[in-house]
Amino acid sequence: MASWNSIPLEVLYTSFGWIAFFSWSISFYPQVILNFRRKSVVGLNFDFVVLNLTKHSSYLIYNASMFFSSVVQKQYREKYGLNEMIPVAANDVAFSIHAVLLTAFTLFQIAIYDRGSQKVSRTSAGIVCVSWLTVAVCVFIALPSHSWLWLISCFNTLQVVMTVIKYIPQAIMNFQRKSTIGFSIGNILLDLLGGVTNYGQMAMQSIDQNSWVNFYGNIGKTLLSLVSIFFDILFILQHYVLYPAWNIGTSRDADVIGKKPLLKTSDHENKEDV
């Protein structure tokens with residue numbers, strides 16, 4: 001079994017991992033708090049949340065299986081090398097559990113708060129159904145040969161696909177509304193920090209082991225960081241550059257802005273006099 005060659009790199013690995021955990025975990029709360037304060041989820045794309053729940057659920061299955069199952073770990077080392085360290089740390093498992101719980105709570109907020117005319121699209125509902133049916137088929141394929149590493153890799157692949165897809169509805173919605181009001185930028189800033197430190201954690205392990213196996217041995221974690229960083233930068237540009245809140249009025253609540261009359265009272269009275 002592999003062990004660390006450098007104590008400083010091991011400390012950095014652990015530090016980066018837990019910084020990623022706290023950044024990604026805390027990133028859920030700005031949106032939850034914003035929803036609570038506004039008593040509204042208008043501006044938050046529901047497809048984003050539904051797809052996010054599928055993403056985090058599949059990622060939890062992968063992380064927990066890789067971290068706790070000696071059988072999966074054995075199959076991993078047989079494939080990538082007996083001296084290789086597993087590519088999942090305790091912070092990965094902790095984050096996945098927390099992410100599933102907070103995403104589910106956000107869905108609960110969607111159910112009880114003002115939604116306006118927003119709803120989950122049929123496209124997203126279809127994607128979720130097809131995704132879980134696909135991995136269910138994978139379960140039956142893996143059972144006869146006990147290909148557990150391959151099976152959890154299917155769940156890891158699913159979370160990568162969901163990571164790519166889940167951001168798109170929110171980005172399009174921001175573009176169509178020409179606004180990011182209702183979507184918490186605090187979530188994005190923390191998510192960016194988590195993505196960078198998560199990638200840094202993997203780099204520390206690779207440098208110490210003089211091997212880049214953990215990058216392609218856990219391609220899901222690698223792509224999770226890169227995709228998150230890409231979309232986080234896009235959302236930051238939308239929020240601060242393309243659609244800054246101060247450009248659309250004095251109110252910072254999209255619901256209030258949307259309810260402003262098209263004509264001022266004085267204008268309306270003048271038209272009646274004519």
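Even glycines carry a Cβ here, placed using N, Cα and C.
Remember, TrEMBL labels are computer predictions, not curated facts.
In TrEMBL this protein carries:
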TRANSMEM  12-36  transmembrane segment
TRANSMEM  93-113  transmembrane segment
TRANSMEM  125-143  transmembrane segment
TRANSMEM  149-168  transmembrane segment
TRANSMEM  180-202  transmembrane segment
TRANSMEM  222-243  transmembrane segment
Best-contacting stretch, by C-beta pairs under 8 Å, relative to the transmembrane segment (93-113) and drawn from 12-36, 149-168, 180-202, 222-243: 12-36
Contact set, same chain, for the transmembrane segment (149-168): CB under 8 Å, 6 or more residues outside the stretch: 47-48, 51-52, 54-56, 58-59, 61-62, 65-66, 72, 75-76, 79, 127, 131, 134-135, 138-139, 142, 218-220, 223-224, 227-228, 231, 234-235
Sequence-remote partners of the transmembrane segment (180-202) [C-beta within less than 8 Å, at least six residues beyond its ends]: 12-13, 16-17, 19-21, 23-24, 26-28, 30-31, 33-34, 38, 40-45, 87, 89, 170, 174, 214-215, 218, 221-222, 224-226, 228-229, 232-233, 235-236, 238-240, 243, 245, 248, 252-254, 257
Intrachain neighbours beyond the transmembrane segment (125-143), with Cβ under 8 angstroms and 6 or more residues off its ends: 50-51, 54, 58, 150-151, 154-155, 158, 161-162, 165
